[in-house]
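Per Swiss-Prot, the feature [4Fe-4S] cluster binding site maps to Cys139, Cys160, Cys377; the stated evidence is similarity to another entry. Taken from Swiss-Prot, the feature region 'Disordered' applies to 424-458, 464-483.
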Amino acid sequence: MATEMQAAPVLSTPDSLILEATEPVARQNATRTLSDEELSITYDIERTLQEIRQARYKRIALQFPDDMLPDAPRVFQLLSRGLACRDVDKITVEKNGNGTGGVESEKLAQDVSQLSVDDKPEPEPKLYILADTSYGTCCVDEVAAEHVNADVVVHYGRSCLSPTARLPVIYVFTHKELPIEPVIQAFKATYPDQATKIILAADVTYCDHIPAVYARLMEEGYTNLYATELIHCPSSAIPNRTVPDSVRENPDTLSEWQLFHISDPPTALLLTLASRVAAIHIYPTTDAPSDNVKPLPVSTSAALGRRYAILTRLSTVPIFGILINTLSVKNYLHIVEHVKQKIADAGKKSYMFVVGKLNAAKVANFSEIGGWVVIGCWESSLVDSKDFWKPVITPFELELALKGDHERVWTGAWQSDFQSILDQPAEEAQTADHEESPNDDDDMSEPESAPPEFDLRTGRYVSHTRPMRNPAPRVSAQSDDAVSAASGPAAARALARRAKGELAMIGGTVSPGAEYLRSQRTWKGLGSDFDIQYDDEDPSDSTLVVEGRKGIARGYTVGDSIEKH
């Protein structure tokens, strides 16, 4: 039998606990214990200093991701020391010269002495740490760099390698250790046939190990290996990687090759290569070092099927939101205009938003938006989170979503780089629906004349899938006075009643957003449980106003009855 409680349970900690250091404030990062020499190798200090000196940059912005910020002060110190003694060796050599070419040197000295030039000292280079990026950490933050008027950005960590619009960039992917022998053993277990066509690739933080792995495998007897190299081309057959010569001449031959990738690639890369290569195997690097690591085969059929289901859901959406998720990627303004034009050609409405770092809470404020199109780098454009209320797609997926059900063909191919969309040739003339004039009284004069459209996911009929194709509103008048009012100045037509089913107008332009606010976000007050009818419409019975209860709490009477309740 359970004993009775002698005292109330303690549901809070004592006040003195806040004065005791029971746990460390933050977990110490292992890289903070590295020596200066190890840190210099990890962050490639010498190469960074060399590129800064050659280009004579004076204002250098250092962009670190969040996980590398603890090392930022030490990297800053190492770069500052290196830049402080940049010209010591050069000055020493000039002072200790052997005097060769004395005649030319004397003549040059005389010419220089005759010039009246102010001998001002060259300004010292200044370093700035960019702690918080405006968008994704994989992209170069030109916006933050321009706040300090930087000449160059040094980007640390993994990067999408998207071309920038304004500032030059020095990429430092950092160096991570990778035991070579376990990689070789895992490769041999995965590909026992040494004649198989295999492409070696790695994440940017492990790409410096590819030459060593390639040389070791060639010694083992593999004959059809290709080691990729980094390039700045997201539109390549393998994004940001070189490809074999045969693939460069004929991209379709990439399907004959298998891909062995070191470290987990981004999801956008997996979906892009799913239909391009024969198979993909990933060598994981997140686990503890072991000799029994097995490469994992990749299957993207479920992810691609989910993306296609999103497209069918968005085919009947009347309003799209364009999310600007970058201000640094080259040609981002061109793809914004391209997307706006595509949405307008489909008879739909688009609104543009710049929200900085994307999250579900920000876009949930705009409930009238049926789907979002992200304009960003080829990695950050893919948003596959279930936290978002409305789907988020890429410009490539938008092209498929805007096509009709009879034109949309899903081949399994997928891409996230918008530059390939801009490089596509111009499409043929639009269909006859696009060419029809909205001023013709016989064409699309009534909503019933348009073919019905249904949501393929729910089966529901959608009345306004292409609101921007509706004809301009016309005032129906039965009398001469009404006709003159409709044809008069704008002031005379200000109180003209909107036709039933017609969308709201702002400045003479159809506004689906305003219509959503009018119909979905407008409170009609008391009595809004029935529709207001006009004189020329069939009246409908509404609830009569009757006398309710009256009295005090001790007893109420209803109407003329004297009985109390």
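Just so it is clear, glycine is given a Cβ too, placed from its N, Cα and C backbone atoms.
Note that the structure is a prediction, hence the values are computed from the model and not measured.
Here Cys377 ([4Fe-4S] cluster binding site) comes close to Gly136, Cys138, Cys139, Cys160, Ser162, Pro234, Asn325, Thr326, Val329: these same-chain residues lie at least six apart in sequence, with C-beta atoms under 8 angstroms from its C-beta. In the structure as shown, the Cβ atom of Cys139 ([4Fe-4S] cluster binding site) sits within 10 Å of 25 other Cβ atoms. Apart from the site residues Cys139, Cys160, Cys377, the chain places the Cβ of Gly136, Cys138, Val140, Ser159, Leu161, Ser162, Thr326, Ser328, Val329, Gly376, Trp378, Glu379, Ser380 no farther than 8 Å from the centroid of the site's Cβ atoms, the recorded [4Fe-4S] cluster location.
Its Cβ taken as reference, Cys160 ([4Fe-4S] cluster binding site) is surrounded by 26 other Cβ atoms within 10 Å in the chains shown.
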